[in-house]
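Here is what Swiss-Prot says about this protein:
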DOMAIN    2-246  domain 'ABC transporter'
BINDING   GLY35, PRO36, SER37, GLY38, ALA39, GLY40, LYS41, SER42  ATP binding site
REGION    247-266  region 'Disordered'
Amino acid sequence: MLRIENLDKRYKTGDRALKDVSLSIGAGDIVGLIGPSGAGKSTLIRCVNRLVQPTGGSIRLGDTELTRLGGTELRKARRRMGMIFQEFALIERLTVMENVLSGRLGYVGFWASWFRRFPQADVQRAFALLARVGLSEQVDKRADALSGGQRQRVGIARALAQDPELLLIDEPTASLDPKTSRQVMRLITELCAERGLAAIVNIHDVALAQLFLPRIVGLRAGEVVYDGPASGLTPDVLTRIYGEEDWSKTSDEDADSVDAPPRAADLPASLKLDPALARL
């Protein structure tokens, strides 16, 4: 379905963002990308849809070599890839429905897109998608009036309106609270399963990735250092991806060690309260 071989990206500054990255994704596969900041996760996703031009290597979507495309052929190939962004990338002044229909812009003529006149079949499909993501009651609401979770659901519906073969998902939960993050990830995985869609999900939350994504690819300094099941993310593997850390400590224990106030018995004598004053 998607095959990446020896992918490289080097910027004009000389920085090498990706180093010989190779991986294959089959139809219906959902793959999580994890790694520290600057590991190349977003760059990899953007190389696939050619928002970033690779320096070397091959990216094949089916029988199409994406790295060689330009102009009309590249636009046609991008129809096959739906993009879901961290910051939603909605047009704030447009309604929810208009934002979803923008996913069909690659399929209609210039004047139809200019006047936002879409075929009835596209409109009906947009209604169905909004119902599926739980936004039937928000169809005519402006995008800037929505909550973060609702905005991301619009972004998901817009990507699906393209009728893609592959979803490229860049930090879909970074701006969301924990509960909404779980709801969004659950929705994404359910929709991929229903439609047989492949997906690459760049995600910073390892626990969330382990909960929802069956296969994990770990990047460090632009290189693949792990490619396997989520259950294989042992402390040793996480250290290989992120560097040294006590992975046995829970977040609660970390919080206790950082935030817990000192006990009176541990204070220096100069800071201890006189017992007589304590009774006042």
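Just so it is clear, glycine is given a Cβ too, placed from its N, Cα and C backbone atoms.
A Cβ within 8 Å of the Cβ centre of GLY35, PRO36, SER37, GLY38, ALA39, GLY40, LYS41, SER42, the residues given for ATP, is found for these other residues of the same chain: THR43, LEU219, ARG220. For the recorded site, SER37 (ATP binding site), the DSSP three-state label reads coil.
In the structure shown, the C-beta of SER42 has more C-beta neighbours within 10 angstroms than that of any other entry among the binding-site residues SER37, SER42. Considering other CB atoms within 10 Å as the measure, the emptiest surroundings among the binding-site residues GLY35, GLY38, GLY40 are those of GLY38. Summarising the environment of ALA39 (ATP binding site), the number of other Cβ atoms within 10 Å of its Cβ, over all protein chains shown, is 23.
LYS41 (ATP binding site) counts 27 other C-beta atoms within 10 Å of its own C-beta, drawing on all protein chains shown. Sequence-distant neighbours of PRO36 (ATP binding site) (same chain, six or more apart, CB under 8 Å from its CB) are ARG220, ILE241, TYR242, GLY243, listed in sequence order. According to its DSSP assignment, SER42 (ATP binding site) is helical.
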